There are 2 protein chains.
Amino acid sequence: MLLNQHYLFTPGPTPIPERVKLVMNQPMIGHRSQAFAHLLEEVSTRLMPIFGSKEPVLLLTGSGTSALETAAANIIEEGDHVVVIVTGAFGDRFASICEAFGANVHRLIVQWGKICTPDQLEDFLTKLDVKIKAVFATYCETSTGVLNPIQQLGEVTKRLTDSLFIVDGVSCIGAVPVDMESWHIDILVSGSQKALMLPPGLAFIAVSEVAKKVIHDCQTKRFYLDLNRYLSSYEKEKSTPFTPAVSLIAGALEVCYMIEEEGFNQVIERHQLLKKMIREGLKAIELPLLVSDAQGSPTVTAVKPASGTANMIKKILQDNYSITIAGGQKQLKGEIFRIGHMGYCTPFDILKVLNGLEMALHKLDGRNVFGKAIKAAEEVWSQHV
Amino acid sequence: MLLNQHYLFTPGPTPIPERVKLVMNQPMIGHRSQAFAHLLEEVSTRLMPIFGSKEPVLLLTGSGTSALETAAANIIEEGDHVVVIVTGAFGDRFASICEAFGANVHRLIVQWGKICTPDQLEDFLTKLDVKIKAVFATYCETSTGVLNPIQQLGEVTKRLTDSLFIVDGVSCIGAVPVDMESWHIDILVSGSQKALMLPPGLAFIAVSEVAKKVIHDCQTKRFYLDLNRYLSSYEKEKSTPFTPAVSLIAGALEVCYMIEEEGFNQVIERHQLLKKMIREGLKAIELPLLVSDAQGSPTVTAVKPASGTANMIKKILQDNYSITIAGGQKQLKGEIFRIGHMGYCTPFDILKVLNGLEMALHKLDGRNVFGKAIKAAEEVWSQHV
């Protein structure tokens, strides 16, 4: 019926554009060649506006977690005090990584499904009576679909401390605005398999001048993830210290071209439209949103349906309609499902997953909501275009 | 917004499955090799049930029109009388080809948008007082979207004449049932770019034992399209007389695998579902169908909207939603638009083109039919699965 087609709506990995796949299948080039140096420089430079970075963006071969670890391992020394804002599973992972490197972690825990407000951070920092080396925050918390107010959190951090501000941008960079300097971000990391439309395997790290000094002086034992090696290789020869994922980097250049052709502002605007379409669609068929409109991310949306049905809906979508969505993690396991809508995602893709949900709800309990989510989503789209 | 995606809903060419594209990009092989002989035999044999043929299906490198010409040029001799059933532009083309080879063509012209009924053919044949060499019919008339009752037309032909029955199956073979022997079909031709999910460039010809004798004796001048050469090459060495489109033939084998995996009966049933979904969807948003449900093809559907709007709707779909549909041809030019839904087409694709139409009608005149076609189409689908 569906001809072995599969429709991927997880919040990473995300679908890969045809032209990116084609580029990744070009003949391999050696990573110590002039051609690779040129490729790396192009990618690192063209990613700068996407990361809101004044410096070329560093590329590591590894998953998103390697990017988080890099941000911690190059900053934290045994016994350092750090604050980690935990709004979900990935904030929690950031905290675990900091602990693994010997930090005294002060967790600012927010109810899952809510953002951390600037006031909450201000209260938390004010009450601490130790020197904080860094504040770690998550831009989009993938496990709940909140988009934390990074600009304001950076401002509070800067005003109340002289610590570094380190941001996990894995599941949103490429789909949302960011400006490292004016938002006071010292390290911003991301991964390839989210809004950047690539397979998993590349980690991206942008660092401020201030962070560079701390990284340089950091005595923590590390080798593969030692940012000094990446900074030095890039500066000296536009290269990487270890064998990089050449094909993915070739694909990353094509992604940069795609974003430039669409226009980064238009990319951001498209994700706002996708967010609004899916939210209005879900509301129209009475599937409750975990996160409020104001706090929701333009890249992933979590739904909290009637108790016990989240995994059933997920399974019906998979088994009958070849639509893959994500379930909940940790404390939200079995309670929610999550729909990724970032990167290579168009309004028609939103309509497709809503079509699938309308069909799935009928299968679930005979509910007839055919066309209702679509009506709401198309109305949003028609107002936009 | 749509990331340079394009959605093809013309009644040929049709979308190509990923796995077929991959196979077509395998290393080239020589067409005089054992590997090619094996490939050709596999394809010619596996196509037999799809063509309802007891003989291996012949492959020519050319477009659908070359297949039609082959059917005529290998049968007709100067002065022969033939009947051509004309239910639209492609029946008319079949007649023109016959005339080009010197036939006295008796056109059985039916109002465009209607099938030729067995009674109409019976009347027509009864009134003719010349010996008829062949009756030419179109299975699916692409220009209007009717599906002629080939089985019954074959039966009438057989009962009233001793002429050959020659069928153009270009825009439906691979999506509809057919049985050459019991339906009395002597030559059945098709093309690659329709329900067979390939790029244009291959013509398929299945011939009966009786037709083979006529072809053998036919004195008409021909070379590239001389079926005797193809029959002989295939019989002697599982080869083609001239350099064939090797990649397309490799792709054709993959298409055979796909149809076998889904099951040919399921393929036929899927097309019936697609037909019903699109028809109910179109009715729900009051877009008038050119052809009745009973006479409509499961592969292409023609819509006759309010006068003067057909091309506007087509243009809005193209310019705003990257959806390509087809316009009308000849006397229906500007009067209708046509949506192809054959081959690599799923229920989600039907929903996509209906989503596009709902959006397009709003753009056309502010009509709010959001979700209405979807509701009707999803109801059909939900009853089916």
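Cβ coordinates are placed from backbone N, Cα and C, and glycine is handled just like the others.
Curation does not apply to TrEMBL; its annotations are automatic.
Record features (TrEMBL):
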type	residues	note
BINDING	A:Arg338	substrate binding site
DOMAIN	A:7-330	domain 'Aminotransferase class V'
MOD_RES	A:Lys194	N6-(pyridoxal phosphate)lysine
For this session: Can you grab the distance from A:Lys194 (N6-(pyridoxal phosphate)lysine) over to the residue listed as 'substrate binding site'? Cα atoms, rounded to a whole Å.
Result: 14
Exercise. If you draw a 10 Å sphere on the Cβ of A:Arg338 (substrate binding site), how many other Cβ atoms land inside?
Worked result: 24
Problem set entry | Other C-beta atoms that fall within 10 angstroms of the C-beta of the residue listed as 'N6-(pyridoxal phosphate)lysine' | 29
Seminar exercise, completed: Simplified to three states, DSSP reports A:Arg338 (substrate binding site) as strand
